[in-house]
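Worksheet: the structure to be examined is printed underneath.
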Ligand code: ADP
């Protein structure tokens with residue numbers, strides 16, 4: 001999708017991909033298959049590139065520093081990206097710049113988790129491995145010392161957080177360029193099912209203008225303080241007492257910004273490309289009153305394409321984005337966007353299409 005955004009600008013992409021089956025490898029012309037954890041592979045790949053950017057955050061920080069030392073611009077740079085790679089580093093930095101976060105600290109063992117619980121309101125406590133988690137993997141909600149043993153098995157540092165009693169999850173998406181120009185997308189509501197993003201509504205319904213502005217400013221401030229280049233997604237909790245707390249950061253086009261492909265004047269992908277090339281950023285404002293994105297998860301039914309006929313005929317405004325992935329139950333294999341003036345109708349159309357593509361409904 002980032003590649004797609006570069007095409008009208010005549011920008012050529014070269015892709016380093018784990019396997020030829022990866023979504024991007026199926027569409028980019030110039031693909032190198034290799035391991036992003038191997039410095040020699042990265043160095044060979046980077047030769048001749050004007051700039052390097054990412055669609056995931058797992059390239060080791062020290063390898064990115066080595067590429068920078070070789071003179072290749074890496075955007076976002078390793079000193080910014082580490083805050084999206086390591087939740088411990090992220091929490092420490094956000095504390096230092098005064099960004100509100102859930103109560104937290106690094107814990108050493110299950111007894112320490114019990115001590116952390118006692119320092120606050122007791123169990124439950126949320127435990128997270130500081131590196132390597134995604135889509136709820138690497139996150140545990142524990143109710144006792146006994147339950148707190150699992151997260152320590154991986155041998156990675158573990159972060160404990162209070163379990164926030166949130167009313168909903170929001171995301172503030174911003175893009176920043178090396179020039180220091182920045183734009184903010186409308187704050188969205190993001191609904192998760194089993195720890196996986198299911199639905200995004202843009203803009204977040206019934207969010208008071210003042211709180212939306214506060215969330216946008218908070219994200220713009222993080223982007224500036226951390227010197228983020230490109231797209232930054234700030235995942236937020238809105239608490240029952242009206243506070244906004246930061247959950248985590250992603251420094252790349254993000255699932256909470258997929259709605260912008262069809263719902264904003266400039267998509268997150270187009271603005272990410274502009275930012276890493278230090279071009280003027282595009283207008284992030286919405287094109288419609290409401291845009292809804294629903295993720296399409298794999299179901300039991302491997303052939304999603306047969307559903308196109310029904311979905312497209314039923315809703316000519318529907319935008320389908322499939323990733324060319326093999327269908328496995330629960331795997332994100334695509335998303336749909338719909339938009340319009342009536343939120344209930346827009347939500348209904350998006351949910352219907354996603355469920356039909358998944359095969360959980362047949363009408
Ligand atoms: P991932 O790296 O998998 O995206 P997150 O840190 O975003 O992990 O956590 C996944 C989900 O777990 C969040 O979207 C939220 O629903 C829930 N969660 C995470 N941290 C907390 C917390 N401190 N309190 C309550 N729920 C949480």
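Note that Cβ sites are derived from N, Cα and C of the backbone, with glycine treated the same way.
Curation does not apply to TrEMBL; its annotations are automatic.
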From 128, 137, 289, the one annotated by TrEMBL with 87, 161, 162, 163, 164, 169, 247, 248 for ATP: 128
Neighbourhood of ligand 1 - binding-site residues from 87, 163, 248 with Cβ under 6 Å: 163, 248
Which same-chain residues, if any, lie at least 6 apart from residue 169 (ATP binding site) yet have Cβ under 8 Å of it: 189, 190, 191, 192, 235, 236, 237, 238, 247
Where residue 163 (ATP binding site) sits in the secondary structure, as DSSP reduces it to three classes: coil
Segment confidence, the domain 'ATP-grasp' (91-277), expressed as mean pLDDT: 96
For residue 87 (ATP binding site): intrachain residues, at least 6 apart, with Cβ closer than 8 Å: 128, 130, 131, 133, 159, 248
Assigned element (helix, strand, coil) containing residue 248 (ATP binding site), judged by DSSP: strand
Sequence-distant neighbours of residue 161 (ATP binding site) in its chain (C-beta under 8 A, six or more apart): 102, 103, 104, 125, 126, 127, 128
